[in-house]
Amino acid sequence: MANTWRLDIRGLDGSLVLIVLALITIGLVMVLSSSVAVSEVRFGHQWHYFQRQVFALGVGGLFAALVLMVPSQSWLQHRGKWFLLGLVLLALVLIFGREIGGAKRWLPLVVMNFQPAEWMKIATILFLAGYLQRHQDAVKQDSTAVIRLFLPFGIMAGLLLLQPDYGTTVLIAGVLVGMLFIAGAPFRYFVITVLPIGAILAVLLINSPYRMARVMNFMDPWQDPYGVGYQLSQALMAIGSGGITGSGLGASVQKLLYLPDAHTDFMFAVFAEETGWLGVVILLSLYGLLLWRMFAVAQAAWLPQAPFKALVVYGVAIMFAGQLLINVGVNLGVFPTKGLTLPFVSYGGSSLMMALLAIGLVLRIDYETRLIKGHSTEELSANPSFGS
């Protein structure tokens, strides 16, 4: 039953769907609010970024619907092909990609720009989950099983850093370490994994004046609030001015071309300004519920001899948690600017589409787990409230 291409939507996790819909709704409202000024200046009307986000939502919803129909066994069988596709796309973006803000990260398509790094996150999770299932005993006992991962992930990291995209590289490294930990790899293997990655990133950071300026900026943005510290200082002023209840939806001052990237990397600052700490608590609570539900799905899907499905869900949860932590940390001045979006909320077509695809994977795995545990499609049909 679990490998069927059929699906009864009444067997889906209703709470998980509602949480995602709530985040998407907040995202659409905030994309419209935070982008009106920059959209008016760049394109002559206020709706440009909102319309593109709605289009991405439609495409992402289609992706999620298609993924819901695909048995997880199919993703396991073709995990290597999906990872290879990601590497090819990362290579193509270096040749044919569109450069924005000094980084070449987007492939220009007919109707939109696509960021291959977003797909690479999903492909990495699928590939690593399959690898850890196939070599689960070796990973716990033999360090070479972990070292072998350096070749494919080293190639991927190299392609990402050439764009350059340090944020995605750090995020995927975190997903790699987290999934290894969940798979039962000994602590000493994390030293083998983390130290080389940290050393390489440190060398690249030191040799990049632009990146070093970002590090110095987040350490003390007020030292040069009109120079390298301008973006972060404006973000902090936005967050601080929101108070408890905020200035009201649409009433942000910083989004009026004072805060660069107000609709993308720094949307959290605009959200805090307009909704206050009350809104921030609600938003973070929704993310907390999302992660809690995904960890519950992963725990239920765990099979000692076949942990692929559980590891995929854990990987998606770690990915979302990492993006949330880094994005909020950047807005608060805890981390240097990384260029990672708030899942489902920040403007970004590729990010939204791939986030919905990832949720489709989680929902499919949860659906299969319910079937395996004795709830047939007929039982689900007889009890429409099941899974809500």
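Any Cβ shown, glycine's included, is placed from N, Cα and C.
These come from Swiss-Prot:
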type     : residues : note
TRANSMEM : 16-36    : transmembrane segment
TRANSMEM : 54-74    : transmembrane segment
TRANSMEM : 82-102   : transmembrane segment
TRANSMEM : 109-129  : transmembrane segment
TRANSMEM : 144-164  : transmembrane segment
TRANSMEM : 167-187  : transmembrane segment
TRANSMEM : 189-209  : transmembrane segment
TRANSMEM : 233-253  : transmembrane segment
TRANSMEM : 277-297  : transmembrane segment
TRANSMEM : 310-330  : transmembrane segment
TRANSMEM : 342-362  : transmembrane segment
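In terms of C-beta pairs under 8 Å, the stretch of 109-129, 167-187, 277-297, 310-330 lying closest in packing to the transmembrane segment (16-36) is 277-297. Each of 82-102, 109-129, 233-253, 277-297 was scored by its Cβ pairs under 8 Å to the transmembrane segment (342-362), and the highest score goes to 109-129. A contact between the transmembrane segment (167-187) and the transmembrane segment (310-330) is present, since 3 or more of their C-beta pairs, 6 or more residues apart, lie under 8 Å. If you look at the transmembrane segment (109-129) against the transmembrane segment (233-253), you find fewer than three C-beta pairs under 8 angstroms, all six or more positions apart, and that falls short of contact. For the transmembrane segment (82-102), the residues of the chain that approach it from at least six positions outside its boundaries are 75, 108, 113, 116-117, 119-120, 122-124, 126-127, 152, 155-156, 159-160, 162-163, 210, judged by C-beta separation under 8 angstroms. Sequence-distant contacts of the transmembrane segment (310-330) (same chain, at least 6 residues past either end, Cβ-Cβ under 8 Å): 72, 75, 121, 124-126, 128-129, 132-133, 167, 170-171, 174-175, 178-179, 182-183, 218, 265-266, 268, 284, 287, 290-291, 294-295, 297-299, 301-303, 336-338, 340-343, 346, 355, 358-359, 361-362, 365-366. Within the same chain, residues 29, 33-34, 36, 221-222, 225, 259-260, 262, 266, 268-270, 272-279, 331-333 sit at least 6 positions outside the transmembrane segment (233-253) and bring their C-beta atoms closer than 8 Å to a C-beta of that stretch.
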